[in-house]
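Inspection log for the structure reproduced underneath, given as structure tokens.
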Amino acid sequence: MIEAFQALRGTSAVLYLMFGALLGLVVGILPALGGAAGLSLLFTFIYGMEPSAAMAMVIGMLATVSTGDTITSVLLGVPGSASSQATVLDGFPMAKQGQAARALSAGFLSSVIGGLFGALVLTLTLQSAKQVILWFGIPEILMMILFGVASVAALSGKSLPKGVAICAFGMVVASVGFAPASGEQRLDLGLFYLGDGLPLIACVIVVFVIPEIADLIQQNRSISDRPSLGNGTRQGVIDVLRNKWIVLRSATVGCLVGAMPGVGGAVVDWIVYGQTVRSAKDKSQFGKGDVRGVIGVESSNNAVMGGALVPTLLFGVPGSGSTALLLSALILIGIQPGPGMLTQDIDLTYLMIWSLALANILGAGACFLFSRHLAKLTLIPFS
């Protein structure tokens, strides 16, 4: 492992890591793109590259996408990807209350802690995770998905029937297009354009962006209803330290869910948010601007990657959509995922772990530098 760190530090791989981390932040800030879209942009670059440099750039990008998601989720109320939807529930209300800097700094710090925790778990479990992963078959994955859907319904508002109805409507919308198993056309109204389903970016804009912008324009005000931001950056750090057990518990759940093939980050944020609400003594502020909701979700989001890499590297079974493309990237540079990642390619495996840890630190550090300046966007009036 020390040799892998020295190889990363002593070659151009660290420069590619920095480039990948920066690209990941940009991709995360752009709503509805996510790691899969960002990774597809890198495919033209990694062909023919040295494996260590290619993997440093790829892992650097995947590690920081979730950190960049926090910015739009908090400032605009628009989730950067599916894994940051629950951040909006408390992050955006905090921005409206003039606490955007506090929400951002709490989110960034919990993100880097979750990412480092995921890298640590990946390191410790590489040798012993095989049997654990084999325990989770299709029935267990189905139950986890249903649990995540139930969490969305239960936490989407005070009325459970309305939550269930909205959740069912979302599943109907997601059913538009060709069925993955049979190829049968579903609800596409005979339009070839809908063969791949409704575009995620268009759905996000309709559901989140347009209503909020229309409301701000109508009221002729800024996102924040406070004239100043206060000393929110320091307070966000203090919030994370005070809620360290939420951070560690959420990061643990993120690793466990991430290691389940096919589940990924689309479910974990709602599972963790529900767990955070249930374990809190005072639940009155959740959904209205409780920083604990931001801390729990963000720490789990970044920990997911560490867990998702376990089945990806050991079995060649992707833990999420992003790691499915990561498999293609490994094959493209001549690396075969599987047990060989623990033998002849062990140096590359440890280099990927170091890249995961360092990219989280770089991404969170860059976001911290600009968090207060980004928070000032909430003071700009819409007119």
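Please read every residue number as a count from 1 along the shown chain.
Positions of Cβ are set from backbone N, Cα and C atoms, glycine also.
Straight from TrEMBL, the features:
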{"type": "DOMAIN", "residues": "15-382", "note": "domain 'DUF112'"}
{"type": "TRANSMEM", "residues": "14-47", "note": "transmembrane segment"}
{"type": "TRANSMEM", "residues": "53-76", "note": "transmembrane segment"}
{"type": "TRANSMEM", "residues": "103-126", "note": "transmembrane segment"}
{"type": "TRANSMEM", "residues": "132-156", "note": "transmembrane segment"}
{"type": "TRANSMEM", "residues": "163-183", "note": "transmembrane segment"}
{"type": "TRANSMEM", "residues": "189-211", "note": "transmembrane segment"}
{"type": "TRANSMEM", "residues": "313-336", "note": "transmembrane segment"}
{"type": "TRANSMEM", "residues": "348-370", "note": "transmembrane segment"}
Which sequence-distant residues neighbour the transmembrane segment (53-76)? Criterion: at least 6 residues beyond either end, Cβ under 8 Å.
8, 11-14, 16-31, 34-35, 38-39, 42, 45-46, 83-85, 87-88, 91-92, 94-95, 100, 103-104, 107-108, 111-112, 115, 208-209, 212, 223, 265, 294, 298, 301-302, 304-305, 322-323, 326, 329-330, 333, 348, 351-352, 355-356, 358-360, 362-364, 367, 374-375, 377-378
Predicted model, mean pLDDT over the domain 'DUF112' (15-382):
79
